[in-house]
Each structure stands twice: as C-alpha cells, then as structure tokens.
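Right, one structure below, let's go through it.
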Amino acid sequence: MNAVHPVRSQRPTSFEDILVLINPLGRWQAWTYFLLAFLMVFSTGTNLAGAFLQITPDHACRLPISNSWTIDQMKAIGSPLKSINGKPEYDACHTYNFSLAIGENATFEEAYEYSQLHRNTSTVVACSTWVFNTSVNMENTLATQYDLVCQKALYVEHAQLIYMAGFMIGSLTAGILSDKYGRKTIAIGAAVLGSITGVTLGLSPNFIVFGIIRFLLGLSNAAVMATTFCLALEMTTSKWRVWIGGLFFTPYALGYTILPLFAYLIRDWRFMHMAVAAPTLVSIALWWFISESPRWLLVNQRVTEAEQIIRKAAKVNRRQLPPELYLSDIAQAMHEEEEGTKTGSRANILTVFKIENRRMLHPRLAARAVNIFFNWFVNAMVYYGVSLNVSSFAGDVFVNNAIAGAVEFPAYMLCVPLLSWGRKKGLAITLLLAGVCLFIVPLFNENTNWLKLFFAMAGKLCITASFALVYVYTTELYPTVIRNSGLATSSCIARVGSMLAPYVSSIGKIVCTLPPSYHQMMRIFLQNAAIGWTPMIIFGVLSIVAGLLTLLLPETLRKKLPDTLEDAVVYKDENLALPEKYIRAEIE
C-alpha cells in the first residue's frame, strides 16, 4: 500500500516552495507531460511533412502519344539534350515541336525513327504539361498535384517559406496570448486549429489556397510547441527544468520517426497529411485532463483555481499538504514582481544597440546579441535544411527519413549531460561536430553512399542537440529585463533561417528559372550545385563558424543569472577581452 507522505510545516513563501511541497517531479507531472507529448507527436508530423510533400519525381514533357510509354521513352523521343556537369541529360522543361505531331497510335520504334529524322530541323518549345514517375517514392506530391516543375520549380520551396512565415508569427503571438489567456487554453486551441488546417490542407483546390492553409498550420504548430514547453517547465522547480527542457522534445523525435511510416503506407500527400493531422482532434478531450499552469493562475490572482490544482497535484503525488498554503500572499508577490518586470523598466532587446553621441552605449551586449542571433539563424537553417534534404540522398526515402527521426532520440538525451558539462562548451562542440560531419559528406562518391548517409545523420544528430541547447543557453545569457524580447527576437531570426533552408537545399533548381542570357559563370555554379554538394558545404561552413563564435560567449553554468543590463555587462566573457574602459562606460 502506498503511503501518503507528510511534508514539512515550514510556511511556503514562493511558488518554488509550493512545488517542493507537492513533489516537483511526481506522478502528476508525469501524467501532464504524457498528455502534452501527445500534442507534440502529431504536431511534429505536420511540421516536417515537407520532407515528403516537396519531393519532385522524375518527369518529362507529356506527349500526345500512348500512355503506356515510360518516361525514359518519352524523353528519348521529345526531349532535347543539355549538358549538366559535363554530362548530357534530357531537358525535362522543353520538347521539340515535331513531337507534338506524332500520332497517338504510333509505336515507340516509329516515333523514335521520326524523331531522329526531324530533331536537327525542329525548334524547341516549352512544355505545358508533364508526366511523372510515381512508381519510386510518393505517388502524389505538390509537384505532381500542381505541376510545380521547371519555371514553377521553386514554388515547392515557397510552400515551406509560407509555412515558416506562419511559424514565425505563431512564435511571436503564442507567448503574448498565453500570458493573457493561459497556457492550457492556447495550447489546446492551437492544437485544434492545427488539426483542422492539417486535414483541410489536403482539400486545397490550388496552390494559393494551399499556401493560406499552410500558413495557418505553421502558426498553430508554433503555438503548440511554445505553450506546451512553457507549461511543462512551469510545473517543476528550477532544479529539474534543465532535465525537462532537454528531454521535452523527445516526443518530437517520436513524431518525426513515425511520419515516414504514414508516408510509406499512404503515398498521396493529401491523404497522408490528413492521416497525420486527424488524431490531434482528440486534443479537444484533453481539456478535461490537462491542468492549467498554477504559476500562471497565481500571477493572474486566480488563487482559488490555483489551490484546487495544487491540492489535486499533491493528492496524485501522494503528498499531504498543510491546511494553509498562504497562496494569496504568494500570488500577490508574484503579481507585483510580474508587473514590476513589465513596467519597471522600458528596456528591450533594441536597448543594447542604442547609440548616443555617435557612441554605442552597450557594445559588449550588442556584440553578444548579434552572436546569439547568428547562432539561432544557423541552427534553424541547418536543422531544417538537412531534414528537408534527406529525401534527396541515395537509398530508400522512407528509411532515410526514419533514420533522420531516430537520431533525434540520442540527440535530446545527450543534451542533459552536455548542459551539466557546460552550456557554452556543449553548444560549441555540437555545432563544430555538425559542421565537420556535413562538410565532409560531399567527399564520398556514389560507391560509398552509406558513408555519405552516416555522416549526414551524424551531423543531423549534432545540430539537433545544438538546437535544443541554444534554447536553454539563451535564456541564461539575456538579463531579466530583456529576456522575453531577446528570446522572441532570436526565435524570429531563427525562422528566417528556416525560411531560407529549403532554397539552400534545392539551390540547383534555381538554374531552371534563369534566363538563357544569365551570367554564364553563375549558371555553371548553379548547375554544379544540382549534384548536391553545395548545400552540405554551406551548412557545414555555417555550423563551424557559429561554433567558433560560441566560444566568445560567457559560460552560464552554476552562475547567477543577470537581472539588469549592468549585471550582463560584467558577466565575464572568458575569451573576449574588451578594454576595461568600454565596460566602465557601459555600466555608467
């Protein structure tokens, strides 16, 4: 029989004391984290569905001939040759005008003989419709649904940009809305919106409607991830927040890993997306099982509701609470502290860049902020760039994506010891290792594709860990007075990186949209980029640079967090020695 554990009778003076009384890591927290994980798993599926939506199958101009012919046969008859990296390849965007005159009932041999006779005397025209090879990976993707190839090839990347734009807006507004209406309300409301938009996305009649719905989906997914993370952290003490923060995204890895299974079983992007999004409709029922954050309730002076949840949590955790918790006093102190943070200082992230009399007031903080911004930009670009590029690797696209999801489990597990070892060291080493692994990926040829995949996945593991670490590290670097605005700005800059990621991953497509008169050297560069080495080189170099710049930041492990700009100025930068006069000037 499980006994109820009595607690000490010392009067609690803070919400941290209340959490200690009810057990900061008990059954109640575990149950809540399990329910929040459900929201995360299926939000991840729609968040990373672009890995399958954006696949562009092999294609050729559709000819008015027998549909029984293969794509290779159609190319041999109607497609002109062009040189890519010194090798002749068929042009999938143009066709000889004579091919349109070939009879529908002609045999392949007759059509091929006819094409050889008229090839040199015929003009080349742009294709208007295409036929796709849907026998290898997905049977229907954005490219096949809306003919997003050739001059419209970059529309596939535009789809990801639109999604990430919504994600950025969601990241900005989720914090504001959850502060006003509650973590639980926004988390479940956003999950329901994500489920509705995820299901209706497959019904999009055209690309414009698709873009609008995809934008709303990005907004809702960002809100789900931000508010569930906040809710999870607010239900435990500072002692356990590093562990919770490091391990909280393991459900994200689970959602990532099972997504390829949905894609493998349902190879039409419309129905696959519906299947991934539909389970989130169950989140409506979670309203009666997930508790609101007691901390948020106390800050907003809703003491009675907070006490009900606290006593329920203590009962689930088998802790006996004293009759009086003095929650009114704690709530008043928390409310005053919250209001003081909002009104007591007008500082925000822009304050560190303020210039007076042609002199920057906070050069050290400004340099640190730019460093943090760049770090977030690189983490987001490389993470999403590699994730979306996995489908282009040799091998089975479903297996490759499943491996990419599976490596995130050890990545998140690795975060806990790395955070205990040192925030700066952990972030720097993961970025540097990611950069080295990605940089050497192009060195392997087609005979060693398994090595190429191995190092790409090793880089994926490291950048995943880095992206998780930067969340914790950044909250400790910014002083209290600009922490919220600093985090919001960093997140926005990260979304810019994730918007650009698909364009870097698919940089070779740009050559299809360039006019013939475009600068020849640029065309050659972009044509070479089509073989796939350029994206990994870019991601690798950026990761290495970000890792080296991280070494210029101060270590925050076991150090008191800065509250004011003055505290942050004297926060020791171990490897960045600015002249003492600058430090004195900033403090003054």
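Placement of Cβ uses the backbone N, Cα and C atoms for every residue, glycine included.
Small disclaimer: the values here were computed from a predicted structure and weren't measured.
Annotated transmembrane segment per TrEMBL: 30-53 (among others), in sequence order.
Annotation comment: TrEMBL describes 99-558 as domain 'Major facilitator superfamily (MFS) profile'.
For 185-203 (among others), the entry in TrEMBL reads transmembrane segment.
The feature transmembrane segment is assigned by TrEMBL to 209-233 (among others). Nonlocal intrachain contacts for the transmembrane segment (209-233), taken as residues 6+ away from its ends with a CB within less than 8 angstroms of a stretch CB, comprise 32-33, 36, 39-40, 43, 46-47, 142, 146, 158-159, 162-171, 173-175, 177-178, 183-184, 186-187, 189-191, 193-194, 197-198, 200-201, 241, 244-245, 248, 252, 290, 293.
Sequence-remote contacts of a segment are chain residues at least 6 beyond its ends whose Cβ falls under 8 Å from one of its Cβ atoms, and for the transmembrane segment (240-265) they are 24-25, 33, 36-38, 40-45, 47-49, 51-52, 138, 225, 229, 232-233, 272, 275-276, 397-399, 401-402, 404-406, 408-409, 411-413, 415-416, 419-420, 468, 471-472. Look at TrEMBL and you will find 240-265 (among others) tagged as transmembrane segment.
Annotation source TrEMBL lists transmembrane segment at 365-386 (among others). For the transmembrane segment (365-386), same-chain residues at least 6 beyond its ends with a Cβ under 8 Å from one of its own Cβ atoms are 160, 164, 349, 352-353, 404, 427, 431, 434, 438, 456, 459-460, 463-464, 466-467, 470, 474, 477-478, 486, 489-491, 493-498, 500-502, 504-505, 535, 539, 542-543, 545-546, 549-550, 552-553, 565, 568-569, 573, 576, 586.
What TrEMBL lists as transmembrane segment is 398-419 (among others).
Remote same-chain residues near the transmembrane segment (426-444) are listed as 375, 378-379, 382, 386, 415, 418-419, 451-452, 455-456, 458-460, 462-463, 465-466, 469-470, 473, 532-533, 536-537, 539-548, 550-551 (criterion: CB distance under 8 Å, separation of at least six residues from the stretch ends). Annotation comment: TrEMBL describes 426-444 (among others) as transmembrane segment.
Per TrEMBL, transmembrane segment is recorded for 450-473 (among others).
Marked as transmembrane segment by TrEMBL: 524-553 (among others).
Long-range neighbours of the transmembrane segment (450-473) within the same chain, counting only residues 6 or more positions beyond its ends whose Cβ lies under 8 Å from a Cβ of the stretch, are 242, 245-246, 249, 375-376, 379-380, 382-383, 386-387, 390, 393-395, 400, 403-404, 407-408, 410-412, 414-415, 418-419, 423-424, 426-427, 430-431, 433-435, 437-438, 440-442, 444, 536, 539-540, 543, 553, 556. Computed over the domain 'Major facilitator superfamily (MFS) profile' (99-558), the whole-number mean pLDDT of the model equals 85.
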